[in-house]
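Here's what TrEMBL has on this protein:
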REPEAT    20-51  repeat 'WD'
REPEAT    180-213  repeat 'WD'
REPEAT    223-257  repeat 'WD'
DOMAIN    266-337  domain 'FYVE-type'
REPEAT    347-380  repeat 'WD'
Amino acid sequence: MAAEIQPKPQTRTPVLLNKIEASQDVVNTAVIIPKEDGVISVSEDRTIRIWLKRDSGQYWPSIYHTMPDSCSCMSFNPETRRLSMGMENGIISVSDSHQGRVTVVLFVLEMEWVLSTGQDKNFTWHCSESGTQLGLYRTTAWVSGLQFDVETRHAFVGDYSGQVTILKLELDSCSLVTTFKGHTGNVTALCWDPVQRVLFSGSADHSIIMWDIGGGKGTAIELQGHNEKVQGLCYAPHTRQLISCSSDGGIVIWNMDVTRQETPEWLDSDSCQKCEQPFFWNFKQMWDSKKIGLRQHHCRKCGQAVCGKCSAKRSTIPLMGFEFEVRVCDSCHESITDEDRAPTATFHDSKHSIVYMHYEPTMGWLLTSGADKVVKLWDMTPVVS
């Protein structure tokens, strides 16, 4: 009797729903309009466009408005249908606020505040009704990421030095709560989950860090799954999944409903902590043992300082955030099981260099804007569920 042929398991991937290709320049920011087949975009070509889906299935600009300068960022509140704008010349929709390009603008409905940051290193907040500036904080580097927690009035500010600053905002003043730094490159994206009280930061160093703000333990979990700088982060709280994208077009879906481990601190040593061979700067041991000094490496699992011979093997360690193979020492490689290597993320290719993304959880749709001047709409329900 012929053997029964089993069907191959289907790989779940995002479904490309549509493309919007009529922009004359790169779309810096775009958002999906919930409950409507519509998209709002702002672009380097100074335009604001509202795209609505026609009977033909294509999106056409039903509203088209030209601004005085390039539109660098925006914030859209679907409840009030209010659009807050930031431009290249430093102007935001409520005030002439900055001396350089506005990098992030954020409307907070509960406070009636518009928060904004610029390349002039100023973080400001204004009354959205009167346009009055309520406060200003001077940052050490220009800001590239901004999030706000309504309950505590904490602003999370990520900048080009790789630092994240937490500020406590009042009506007309603010106080510095703390700063933390874990990235070696500039912060490119921030995402705040007010339920779990966790902050995600993405960076030009290709990494993502999950900061446990609410846990009180100072836990910082690294996620390594991109080959280029991280351009956007969105969190789906109902499924506890993180969506991230990078400039090489990669979209990664991270399962955050697992117990993750912090990466160890790298240990200092003048010799290999496995074979005790001296490292190349340890002249005394080199002379005493008549041996050539070796280059120092570190095991990503235990953090020990090891030579190349004692760390020749590679492995993924997904629960530590290493979805790609990394250097591990021989003893750690033996201790890692197949179950330990089970991936906690899925990888997808958007096929364009992403500059911005927006996730609309009520629809399960993802919007990506690319350097190719194309906006793509994706159905993420096959992978975010």
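Cβ from N, Cα, C; glycine included.
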What is the average pLDDT across the repeat 'WD' (223-257)?
95
Chain residues in Cβ proximity to the repeat 'WD' (20-51) (below 8 Å; excluding those fewer than six residues from its ends, i.e. six or more beyond):
59-74, 76, 78, 83, 85, 355-356, 358, 360, 362-363, 365, 367, 369-371, 373-377
